[in-house]
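K.L.:
Here it is: the structure, laid out below.
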């Protein structure tokens, strides 16, 4: 029994040899549950508009803040001191920040550009990337190929070779295109790309290869389907879920011909690279209606995806966790869905029209979710156990561990520190708060 338990833990990425920080993160999880609202510190300089995104450097030494009024703020999260303001980082709203390492980070904006910055020389940008034709909303970094990946409201996912930037620009090419694109994420091992849309679809590119042909029509398309919950699996067995329409341009993706897809699978040895799966995630109470997927995050160990969905009438929102099922569909005739709903909770849609960015804790045991004028810390169960240790038979409510309120306006974004027991949140009026236990 001990041997099999050890082997199972190693397969799940746990154990002293695989995850030496697990015990440290477990202790931090207990401290998060003890944080009180009074333990917050307000960080603010001057009027810089709403806070749209927060990002810590990988070593936790710097907290960057993307602001509505063209600014990027930098703080020392340990001392709670303001370091610097990049007053004209862009010509429009700054939407997202992504660190490539402990020194280099990228920002994107509604001015359609991406900027690269070096913490050692913040007076000027390293370079500016031009290629999108509309607001750029998301930045990812493929650690395997060292390529920057961005997405915007022009529907394009563009990859950039930042190691080959010159005075004339940065080599880039369009990797994918779909209508109604909202967010794009890479799994921690960069083996999958997930794309959410405002029309309620979730697209998954399996066995990701960013160096492959970039013609969108070359992607083998898996059958479009609705995600399942545990109860659906129990009651329906292996019956094929109801097919749904594709959110992508038909002239981009071509007809959904099973004969054509089967040939593609056979030609690639049964597991083609960049196979596209189109899903409509199940949302409680909204089973037969489309929902706008406004926020998309991934479990730090790649076990699950976290979505924030607004209802069809836009009067409520849902935070939902979907487990990545083992044996993701690699054949287009497979009836099985890659994701299944495991946990969810209803959120009041305070501040309609604004996207609320939520996040996992570094160990994936907790979720921090914007909730009105504060944040809620949520767990998979009351003990904040890991997802794989408390998978429910049916979709279950997320447990509220703690509510923290220190803002006087709607909270739009929140983030856990990757190295310290600290949570940051930013609101519509521009205030940033830090939550940490007091000793």
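Numbering starts at 1 and runs along the chain as displayed.
A Cβ is built for glycine as well, from the same backbone N, Cα and C atoms used for every other residue.
Because TrEMBL annotations are produced automatically, they should be read as predictions rather than curated entries.
Computed from a predicted structure; not experimentally measured.
OK, TrEMBL features for this one:
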type	residues	note
COMPBIAS	227-240	compositional bias 'Low complexity'
COMPBIAS	263-274	compositional bias 'Polar residues'
REGION	227-286	region 'Disordered'
REPEAT	87-120	repeat 'WD'
REPEAT	129-161	repeat 'WD'
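Tell me about the setting of these features in this model.
P.N.:
Beyond the ends of the repeat 'WD' (87-120), by six or more residues, the same chain brings 49, 52-59, 61-62, 64-72, 74, 126-130, 132-141, 148, 150, 152, 160, 162, 165 to within a C-beta distance below 8 angstroms of the stretch.
Listed as Cβ neighbours of the repeat 'WD' (129-161) (distance under 8 Å, sequence separation of 6 or more from its ends, same chain) are residues 92-93, 95-98, 100, 106-110, 112-116, 169-186, 190, 193, 195, 210-211.
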K.L.:
For the repeat 'WD' (87-120), what is the mean per-residue pLDDT, to the nearest integer?
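P.N.:
Mean pLDDT across the repeat 'WD' (87-120) comes out at 94.
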K.L.:
According to DSSP, how is the repeat 'WD' (87-120) divided among helix, strand and coil residues?
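P.N.:
Computed counts for the repeat 'WD' (87-120) are 0 helix, 18 strand, 16 coil.
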